[in-house]
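Here is the structure we will look at.
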Amino acid sequence: MKELYSLFMKPKDPLHFNAVKIMISSPERIREWSYGEVKKPETINYRTFKPERDGLFCARIFGPIKDYECNCGKYKRMKHRGVVCEKCGVEVIQSKVRRERMGHIELASPVAHIWFLRSLPSKIGNLLDLTLRELEKVLYFDSYIVLDPGDTPLTKGELLTEEKYRQMVQEHGSGFVAGIGAESIKQLLAGLDLEKLAVELREEMSKTNSMAKRKKLAKRLKIIDAFRESENRPEWMIMDVIPVLPPDLRPLVPLDGGRFATSDLNDLYRRVINRNNRLKRLQELNAPDIIIRNEKRMLQEAVDVLFDNGRRGKTITGASKRPLKSLSDMLKGKQGRFRQNLLGKRVDYSGRTVIVIGPNLRLHQCGLPKKMALELFKPFIYNKLEEKGYVTTIKAAKKMVERETPEVWDTLDEVVREFPVMLNRAPTLHRLGIQAFEPILIEGKAIQLHPLVCTAFNADFDGDQMAVHVPLSIEAQAEARILMMSTNNILSPAHGDPIIVPSQDIVLGIYYMTREKPFAKGEDRVFSSREEVRCAFDAGEADLHARVHVRMGDERVKTTVGRVLLSEILPEEMPFSAVNRVMNKKVLAGLIDMCYRTAGIKATVLLADRLKDLGYEYATRSGLSISIKDMTIPHRKSEILDQAFDLVKEIERQYNEGLITEGEKYNKAVDIWAKATEDVAAEMMKEIATTEVGGPEGEARVVEAFNPIFMMADSGARGSKDQMRQLAGMRGLMAKPSGEIIETPITANFREGLTVLQYFISTHGARKGLADTALKTANSGYLTRRLVDVSQDVIISEPDCGTMDGIEVEALLEAGEIIQRLGDRILGRIAQEDILDPVTAEVLVPMGTEIDEQRVQLIEDAGIEKVNIRSALTCRSLRGVCTMCYGRDLAQGKLAQIGEAIGIIAAQSIGEPGTQLTMRTFHIGGTASKSIERTSINNRYAGTVRFLNLNTVHNRDGDLIAMNRNGEISIISESGRERERYVIIYGAKLKVTDGQPVEPDTLLAEWDPFTTPILTEVAGAAKFGDIVEGQTMQEKLDPVTGKSSKVVVEYRESDVRPRISIKDDKGKTARVGEGGFARYFMPVGAILMVNEGDAIFPGDVLARIPRETTKTKDITGGLPRVAELFEVRKPKEHAVITEIDGVIGFGKDTKGKRKVIVSPEVGDARDYLIPKGKHISVHEGDYVRAGEPLMDGSPNPHDILTVLGEKEVAKYLVDEVQQVYRLQGVKINDKHIEVIVRQMLKRVRITDPGDSEFLMGEHVEKPIFEEINSKLTEEDKRPAAAEPLLLGITKASLSTQSFISAASFQETTKVLTDAATAGKVDYLLGLKENVIMGRLIPAGSGLRTYREVRK
């Protein structure tokens, strides 16, 4: 009985283990696993369908085909359990052992394992110091290798050709030993003394000075050390015996019609067995050497193909011309074991169907079709029916459910009540793509979804489908309810603002409610309370839009009826002022945010639901609709267009007269049209946005229009100003697919209709948009995958790591304007030191406290500009990040809890908006979004002008001209605080003087945005140097205008440097500043503006460099730029940056490059070579600081790291990534990018190993490095030195500690090969490894601390 009982027992927890180790298996190990040798290539007998004996499916080796039944049928049933049949040799046992029992094949001749041979760097090659070519020659029987030179002049490991070998044998006879094939390689490997080798190599390394040699030695040492430290033997990389996979993992399935479907592995094994058997037979027959050799080579190839098809030689194809899937292919790629079956499993208890809107659901509910619920909750229903006594057996319950009797439906209702289900919409780009709801049973076949959660799911109702999943265990239900319920996910984890915000109809309805209409019924009446207003409205005495006065508390408030009705749904804690305005989408989002912060989560949920109901009701009542009459075309449109045409004509004239180049003509034309489009749009908005309403007494008031199109755009419900511009203004400039802007715009709008040509130009942009969208999705998904992989194991690991370090944050400025306030950047972070009031020096925020909304207000009021905060970048936790360094968990609005998987949240927050980023496209059906070039700066606040680091001269017209690069103008308020600051472009005309008081909006400076001038600071006569026509300068004749201009061209000679010098009246070169000379070097492409001998005044333009033809403003924009930053690739034409502070000088030019010399006050000068034709942005005598670029272009992040250190490079990466997202209007909190950058900066490169075991140039994780160094210091040994290392996200993911995680990411075979040689142990610390091993993840409720609670 006991035995029977053990059969039905539930299996206990699967094998409990703490780590996984991977090794190379020894031949003994393989024989140990095996249950018998496979000797024949046969599979099964096609007539009896029984497996052949000793074949690939042999029942004697692998176990019976049917449960408890031997092959010949002598023993059947349970009573013979464990008996081995004497007739057919099959053990009587469950057939599932065929999934786990392995066999083996004894090879007649050893073969090399292809992974250890071909996976670069080749493991076998590195141990023997042979190249891959040489190794293959030996293994594939092309050359002999010397095993023992004996008394000959040969060396061990030398290769001999066939002829050379014969010759040596004739000369020396058997005085030396050489071999061929895998046997000889095996002999060499077995004879290696690794300890001795390692010592020799280390010595050699310390002696050599050549970098290349050192790298090579380090590579070899790494592999030798791996073998030394693991228990692997090098000769195991050559195999005498190969394992055979259990047959049920490579099944053979009979199809109808007597044919079989088989796994490719069976074909591959069959080839190996056939060749092996043939080789054995040939060896027995003592066949000639050449035949045996050929057979051995074929065996080696067959085994290669079995392990990794296509790695060497031709890919073997099956009968259907498709490549056969080898063992490696089973693991690799999206369809491989890792990503298909371990990381992405399909689950039971799930269903999917179309979604429809559920306008009367509460936020925590979803509508579930009864049919679906019945299927999903079957086991629960069976259980309940039995409990209630309707049925006695499961079978009866099943029948009852199939008949769908009334009791079944009642039971279903009971089961479903308060049972959360999870809804998921693919693609799940962030964690809000799966949320839990309580199901409400409905008729019909579609899931009903609450409209407010659509933003989070990115769902709409045009045929989207969603999947339902049922959490089965009590723990799963609790997690679904507490963590995943839609009501607990009001804030977005990416930026901490509410994500449950009304949109579309709801916004429109509430906007309509809160608008004011003049002369409405009941205008200016006074009411004593909200209730009174409600009565008047219900009785029809006051209109919804009437302006009224209402007593609120103890004051009288001017408001409208609609706003009072809206205020009825507000929670107590919120003031009436929150809704006493026109409510558009932005204001509504703010309302929900305010409610969350003041009244709490429950009130917010109720408010959201009530807003939804009100919004729908009033949107319906308003009866808004669009007609063609609503698109009013501005009266001044034709006038604006005529002006623009005239301006363009004027530019054409200037071009024809040769005053400007073709590029400038194009730039200016594009600019004029961009401005004209803006003007038409502004006129249209003016006309559509206001309307004059006549009163009963004939008086009129101008108010915001009730034009439906305007109302939809203005409320943020649908459409944008841009789209309105295209409907009723003009379509404007369009872009070619290449990204250039076509200089003739589309002057028509959709209301007027487009001509055929205009329509054709439009299709250009529109089609490119569609093609791009398809590419973008794939690219964005790949970026997300890499981000998740690099940061998956970052979790909150401890409350405080105790670091004293942090980062400095200030408001983000661009062109003098604040784009992101300091408050927005520090909200929810922890102060790293006391934050003091700059005036009173009182502590506003003590060190180590959270900077919350109130404290942000204090900091901003005090006018503090820079704050030091804790950051993930400087966190000292060994694994993960501590709560203090991370700060607030944005989705909850309070400090993060231990176990929060912040790495994955960071990756999702950055990856999810990826699809909204451009792949260099232009929005709005391809209308070019070209910002009108800035040509001037105006201040925003009153104050006094201060010039900072600004050199100026007066030119011949008496204007002040800026003569240097990094000059700035700042506006100082009366209290002496700096209000704003602007960088002044070189060559700008300054309209104010230092110390001048200015009013707001004064013109400070202006410049020509389309050219960069080269100016002189001194007076004198112009003298050309090395400017020779036909060599370095050409008179370029403009074909259209017949005018000529002098242009500097590319020149061959390296010592020629075209320049203009300014000579004084004595004919000497004039002096500039402290000992510099007035020589100006002309870059390629400069257009000379003066002639030889001209009289020159200070501030004159000697030459101008036309800017590149305007492409739409982003060099590498959008998604590719984000990927480039995270992969830290060198930008295409990266800027050279200076490594030291110093003064700029120019040296002798070399071939195609110009030499810039930076001379510091003390120490050696540094030379930088800059390609000719690149515009150098510094001048002789300029003072530069370390890290400043010397030319135009994006800097290379690696340079920033070496010059300015980790914090600066982190700051650069965070700011650059943010800039791309900001251009698209996407909000992401800095801390997410910091978490990713932390992972990129996790390692150091060893520069000096000291007394440690490290190798020169090895990459080591910081904690490990520090730990070993502290040990060395304790033992009074020399610690190792290292420099910080910045790895791209792909590189960083592949070099993680966990080989399981790395193998499931990319380059599976390489990762596994490296891991096996090193005998790596995976301690399963990250999330991914645990998912793959099928365990709970060590984050959130799966953390060890919480797991103990569960027990």
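Cβ atoms here come from the backbone N, Cα and C positions, even for glycine.
Listed in sequence order, Cys70, Asn71, Cys72, Lys74, Tyr75, Glu91, Val92 are the same-chain residues at least 6 apart in sequence whose CB falls under 8 Å from the CB of Cys85 (Zn(2+) 1 binding site). The feature Zn(2+) 1 binding site is assigned by Swiss-Prot to Cys70, Cys72, Cys85, Cys88, with sequence analysis given as support.
Sequence annotations record features per position, and here Swiss-Prot assigns Mg(2+) binding site to Asp460, Asp462, Asp464. In three-state terms derived from DSSP, Asp464 (Mg(2+) binding site) belongs to neither a helical nor a strand segment and is classed as coil.
A sphere of 10 angstroms centred on the C-beta of Cys801 (Zn(2+) 2 binding site) encloses 19 other C-beta atoms. According to Swiss-Prot, the feature Zn(2+) 2 binding site maps to Cys801, Cys875, Cys882, Cys885.
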Taking the Cα atoms as reference points, how far is Cys875 (Zn(2+) 2 binding site) from Asp460 (Mg(2+) binding site) in Å?
41
Hey, what's the Cβ neighbour count for Cys72 (Zn(2+) 1 binding site) at 10 Å?
14
When distances run from the Cα of Cys885 (Zn(2+) 2 binding site) to each of the binding-site residues Asp460, Asp462, Asp464, the nearest one:
Asp460
What other residues of this chain sit with their CB within 8 A of the center of the CB atoms of Asp460, Asp462, Asp464, the recorded Mg(2+) site?
Ile355, Ala459, Phe461, Gly463
Restricting the comparison to the binding-site residues Cys88, Cys801, Cys882, which residue's C-alpha is spatially nearest the C-alpha of Asp464 (Mg(2+) binding site)?
Cys882
Please give me the CB contact count at 10 A for Cys88 (Zn(2+) 1 binding site), counting all chains in the structure.
17
On a count of neighbouring CB atoms within 10 A, which of the binding-site residues Cys875, Cys882, Cys885 is highest?
Cys885
With DSSP assignments reduced to helix, strand and coil, which class does Cys72 (Zn(2+) 1 binding site) get?
coil
Other same-chain residues whose Cβ falls within 8 Å of the Cβ centroid of Cys801, Cys875, Cys882, Cys885, the recorded Zn(2+) 2 site, in sequence order:
Glu798, Asp800, Thr803, Arg870, Ala872, Thr874, Arg876, Ser877, Val881, Thr883, Met884, Tyr886
Around the Cβ of Asp462 (Mg(2+) binding site), how many other Cβ atoms lie within 10 Å? Please give the count over every shown protein chain.
5
Give the three-state DSSP assignment (helix, strand or coil) for Cys885 (Zn(2+) 2 binding site).
helix
